[in-house]
């Protein structure tokens with residue numbers, strides 16, 4: 001198992017290129033199961049979750065060829081398997097995304113209940129209810145979802161009681177081969193969903209309302225789609241994380257390959273804190289702030305402040321003047337990084353889903369442990385400004401979603417080493 005050793009308080013300067021969005025790539029990889037022609041997916045990030053999904057597709061019978069480190073060609077014309085086994089699915093929750101496409105194309109599938117990150121309840125009930133609304137029979141037996149629609153799926157209204165990103169994605173993929181019209185009401189509005197819509201539209205699926213909370217889908221009444229090649233959009237959470245690298249170290253950094261309007265909740269908050277940003281069509285440059293003011297954040301669904309940036313801003317709050325307040329409304333157990341930040345000297349108090357952070361705190365290097373993907377990046381941010389050396393353990397969480405993070409930060413001047421645990 002690896003850990004990162006980080007020397008704190010090293011000056012940073014330069015630029016970072018953002019990788020493709022993991023959270024866009026995963027549903028698009030799953031959607032290739034709907035296609036009878038080969039598809040090339042470009043700008044895939046080389047992270048553990050992508051490799052796990054690729055392995056799952058291969059296990060289902062898809063033919064995979066890596067054309068370069070970030071381009072994958074997938075042929076799913078002759079799949080021979082419609083069972084997503086526990087051994088593969090347990091590695092990440094996003095594996096549930098194969099449910100919709102397998103059911104739509106083959107009218108029956110067996111998918112293990114998923115595993116993945118430990119940040120609270122992420123029930124699959126919303127996914128199952130959506131499949132039932134399209135006419136599927138669902139049974140859960142011995143840890144497996146058995147879904148069946150002998151006569152194929154039929155378009156219908158799907159109302160989500162609670163906004164669900166992966167639930168919306170599964171419903172979209174299933175509806176793309178359903179007969180007639182499906183309306184998804186209270187759909188998630190993330191950019192990653194908009195890109196999935198673009199991908200499905202390339203195969204002839206008619207989708208109205210892209211980017212809104214109500215999607216109208218007219219399915220293609222064939223056995224499969226003919227999807228076209230696609231390039232994954234830049235990762236807005238990775239971009240936000242590197243903006244926070246600049247913010248917490250009060251450095252001048254330029255973030256390349258971004259889509260500015262995907263980052264507005266993050267950039268608005270950084271400007272409120274006191275940073276100057278030069279926002280261009282494909283890049284953002286952050287400049288040191290004369291004074292960094294405390295702030296308040298409430299996490300919300302897109303286009304609100306992303307829950308996936310909450311941990312990074314908690315680390316940043318330790319260096320701001322005054323007391324900051326962060327309210328987490330989307331997930332339970334998502335403050336597990338707080339106790340690890342406290343090991344570095346952070347002054348944080350928690351009350352249910354609200355964290356209060358006292359700023360202007362001098363952090364000191366220590367051994368800390370990552371508890372989930374975004375918590376790991378928050379600990380690295382804090383270590384960059386801590387006095388002395390920090391070691392961040394259990395970084396397999398980090399490797400699930402950040403491509404070559406230590407290489408990218410070291411290119412800015414940081415001193416970060418990946419080492420093996422003894």
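Each residue, glycine too, has its Cβ placed from N, Cα and C.
Listed in Swiss-Prot:
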type	residues	note
BINDING	22, 23	phosphoenolpyruvate binding site
BINDING	93, 122, 123, 124, 125, 126, 308, 330	UDP-N-acetyl-alpha-D-glucosamine binding site
MOD_RES	117	2-(S-cysteinyl)pyruvic acid O-phosphothioketal
ACT_SITE	117	active site, proton donor
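For residue 93 (UDP-N-acetyl-alpha-D-glucosamine binding site), the Cβ neighbour count at a 10 Å cut-off comes to 19, with all displayed protein chains included. A helical conformation is recorded for residue 23 (phosphoenolpyruvate binding site) in the three-state DSSP classification. A straight line from the CA of residue 123 (UDP-N-acetyl-alpha-D-glucosamine binding site) to the CA of residue 23 (phosphoenolpyruvate binding site) spans 18 Å. Just so you know, the Cβ of residue 126 (UDP-N-acetyl-alpha-D-glucosamine binding site) picks up 19 other Cβ atoms within 10 Å once every protein chain is counted. For the pair residue 93 (UDP-N-acetyl-alpha-D-glucosamine binding site) and residue 23 (phosphoenolpyruvate binding site), the Cα-Cα distance reads 12 Å. Around the Cβ of residue 124 (UDP-N-acetyl-alpha-D-glucosamine binding site), 19 further Cβ atoms fall within 10 Å across all displayed protein chains. Between residue 124 (UDP-N-acetyl-alpha-D-glucosamine binding site) and residue 22 (phosphoenolpyruvate binding site), the C-alpha separation comes to 20 Å.
When secondary structure is read from DSSP and collapsed to three states, residue 123 (UDP-N-acetyl-alpha-D-glucosamine binding site) falls in the coil class.
Using Cα positions, the member of the binding-site residues 125, 126, 308 nearest to residue 23 (phosphoenolpyruvate binding site) is identified as 308. Each residue contributes its Cα atom, and for residue 22 (phosphoenolpyruvate binding site) and residue 308 (UDP-N-acetyl-alpha-D-glucosamine binding site) those atoms are 12 Å apart. In the structure shown, the C-beta of 308 has more C-beta neighbours within 10 angstroms than that of any other entry among the binding-site residues 125, 308.
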